[in-house]
Amino acid sequence: MSLPSRIADESREHMMVQRPHSLCLLPPLAALGYPFLLMIFNTLVGQSGAASLLGALLSLLLALAVPLAGLIVANRPGITTGMRRLAYLSVAAPSLYVLLGVVQTLVGSPLPDVLVWSLFWVGAMLLGWESHQTVAAQARPVGGLGRWRIAHGISALVLCCYVIFHLANHLTGLVGPELHARVMEAGRTVYRAGVVEPLLVAAFLFQVGSGLYLAWRWSSTRHNWLTTFQIASGVYLSVFVLGHMNSVFIYARSFLGIPTDWSFATGGEAGLLMDPWNIRLVPHYTLGVFFVLAHLLAGLRVVLAAHGVATSRINLLWYTGLAGSAALALAIIAGMVGVRI
C-alpha cells in the first residue's frame, strides 16, 4: 500500500472513532443504584400496609433486573469497547456487591460498603466514557480461541456433576434444613474427600480464569443476542464463583472458623430478608442459580447447532430450559427464605 493510501485509510479510520452514547451509562448507573434498591427494600419490608409491601416487592424486582440493563446495552451497535465491557461487568453487580461486602469485612475497612461501591462505579463510568475505539477495530474477527473454548467446555462438563448435586441439595431446603443437612453430609463424603476437593477447586479456578479470558476477548465487539447472553452469564458466574469460594474457604472456614452449613447460607437467625446486609444474598443466589443453568444451556445450544440439530428443536429446548432455570432459582431461594412444602 502506498503512503498516500495508508494516510487516507488512517484518516478515514480516525474519523470513525466512536464516542460513547449516553445510553451506555445506563448499566453502570443501574449497578450504582443497586445497593440503594436493597436499602429501600429493607426499609419497607418491615412496615405494615399494602403500599409498603408493594414498594418492597418493586424494589427487589428492580434489583433483580439490574443485570438486564447490561445485557441490553452490551448487545447494542455503535458503542465503544470500554463501555461494552462495563455493561458486561454491570451484569455481575449482585455478586460483586456480595464479594465487596465480604472483602470489606476481611480487611476491617471502616468505610461503608455503599461508599466504596459508589466510588468504584463512578470511577468506572469516567474511565469508560473517556475510552474510545474505532469501528474498524471492533469489526475485526475474534479468532484463535478454539482451544480455550474446548478446554472451557470440557471443564464445565466435569463440574456439571457437582453443580447438579449442589442445586438439588439446596432444593431440599423447601422440605427443611434437616433434610438439607443429611443430603449435604452424604455429598461431602465425596466432594470433600482428600484429593477430590483440591481438584474441584482447581477446576473451578480454571473455569473462572478461562471464562474471563474468553469474555474479555469476545467483548471487544458486538455479537448476536445468544452470544451476548452467554458472555454476560459467564461474567456473572465468574464473579459468583470467586465470591462464593472466598466466602466459604477464606471468610467462613479461615476467618470465622465456622461450618458452611444451612445456617451460614441463609443468614443464621437474622435470615435473608430482614437483615440489611443479608438481603444482598437474595439476588446473588437467585441470579446465580438461573445463570449457571442458562449458561450451560447456551453452551449446549451451540453444540447442538454444530451437530445439525433442527433449529426448532433447539429453540424448544432453549426456551423450556430458561423457564425451568427461572423456576428452579425461585424454588431454591424460596426455601432459603423459609418457604416449606
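All positions are counted from 1 along the displayed chain.
Note that Cβ sites are derived from N, Cα and C of the backbone, with glycine treated the same way.
TrEMBL has this to say about the protein:
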type     : residues : note
TRANSMEM : 21-41    : transmembrane segment
TRANSMEM : 53-74    : transmembrane segment
TRANSMEM : 86-108   : transmembrane segment
TRANSMEM : 114-129  : transmembrane segment
TRANSMEM : 150-168  : transmembrane segment
TRANSMEM : 199-216  : transmembrane segment
TRANSMEM : 228-252  : transmembrane segment
TRANSMEM : 282-304  : transmembrane segment
TRANSMEM : 316-339  : transmembrane segment
Dominant neighbour of the transmembrane segment (86-108) in 114-129, 150-168, 228-252, 282-304, by Cβ pairs under 8 Å:
228-252
Using Cβ atoms only, state whether the transmembrane segment (150-168) and the transmembrane segment (282-304) have three or more pairs under 8 Å that are 6 or more apart in sequence.
yes
By Cβ distance under 8 Å, which residues at least 6 away from the ends of the transmembrane segment (316-339) in the same chain are close to it?
167, 170-175, 265-266, 271-273, 282, 285-287, 289-290, 293-294, 297, 300-301, 304
Given a Cβ distance threshold of under 8 angstroms, which distant residues of the chain, six or more beyond its ends, lie next to the transmembrane segment (228-252)?
67, 70-71, 74-75, 88-89, 91-92, 94-96, 98-99, 102-103, 105-106, 201, 204, 207-208, 211-212, 214-215, 218-219, 222, 258-260, 264, 284, 287-288, 291-292, 294-295, 298-299, 302
I need to check the long-range neighbours of the transmembrane segment (114-129): which residues 6 or more away from its ends have a CB within less than 8 Å of a CB in the stretch?
20, 24-25, 28-29, 31-32, 34-36, 39, 80, 82-83, 85-86, 89, 97, 100, 104
